[in-house]
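Enquirer: This is the structure I have questions about; it appears just below.
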Amino acid sequence: MGTAGDSEKKPTVVFVLGGPGSGKGTQCANIVEHFGYTHLSAGDLLRAEIKSGSENGTMIQNMIKEGKIVPSEVTIKLLQKAMQDSGNDKFLIDGFPRNEENRAAFEAVTKIEPAFVLFFDCPEEEMERRILSRNQGREDDNIETIRKRFKVFLESSLPVVEYYDSKGKVRKVDAAKPIDEVFEVVKAIFTPEEEKVAV
């Protein structure tokens, strides 16, 4: 891992937030390809842990079955492990923190503050249209469930966006636009100032 001095260098973390159907996944894939970030989805890590059949995975599965929220510490440990295992120092953390408690716990446990929060702002009607049209066979993609997920997003995740907004750390993207246009805006956000040479 290089010298001891290197380990002091904190990784760059960008939280990616946006309601269901806001196009987060697509844009994260673009950012990974263009800017060399590692994309970590809290949901994917939890699902992978369950699949692994570990003791931790069984506990997570039981909590989800009972409709309980998985404790922040559990998710954060999985994120930390994935960050260490990746060998990278730039991360997009997608779908986390889902609420204020997640956010406070992440900063307390990892001692990392995000460089910024990429917020995909998309009206509910547009998200509904996208989710229903993609119909990827996710059983949670019916209209009632979508509205419920959107409501949960507004109630729990928006306070996180507001918290970082008060620190000037939110980069808001109009996600209702076509994918290519959205990525142009995203690219500008991720391009270091010194590379943004006047055209």
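One is the number of the first residue shown, and numbering goes on along the chain from there.
Cβ atoms are placed via backbone N, Cα and C, with glycine included.
Pasting the feature list from TrEMBL:
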- GLY21, SER22, GLY23, LYS24, GLY25, THR26, ARG134, LYS177: ATP binding site (BINDING)
- ARG47, LYS68, ILE69, VAL70, GLY95, PHE96, PRO97, ARG98, ARG138, ARG149: ribonucleoside 5'-phosphate binding site (BINDING)
- ASN102: CMP binding site (BINDING)
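Quick one: how deep are these features, and who are their neighbours?
Expert: Shown in sequence order, PHE120, CYS122, ARG130, ALA175, ILE179, VAL182 are the residues of the chain, 6+ apart in sequence, with a C-beta less than 8 angstroms from the C-beta of GLY23 (ATP binding site).
A C-beta separation below 8 Å, combined with a sequence spacing of at least six in one chain, links ILE69 (ribonucleoside 5'-phosphate binding site) to MET63.
The Cβ of ASN102 (CMP binding site) lies under 8 Å from the Cβ of SER72, THR75, ILE76, PHE96, VAL160, each on the same chain and at least six residues away in sequence.
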Enquirer: State the count of C-beta atoms found within 10 angstroms of the C-beta of SER22 (ATP binding site), not counting that atom itself.
Expert: 26
Enquirer: Between THR26 (ATP binding site) and GLY95 (ribonucleoside 5'-phosphate binding site), how many Å separate their Cα atoms?
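Expert: Approximately 13 Å lies between the Cα of THR26 (ATP binding site) and that of GLY95 (ribonucleoside 5'-phosphate binding site).
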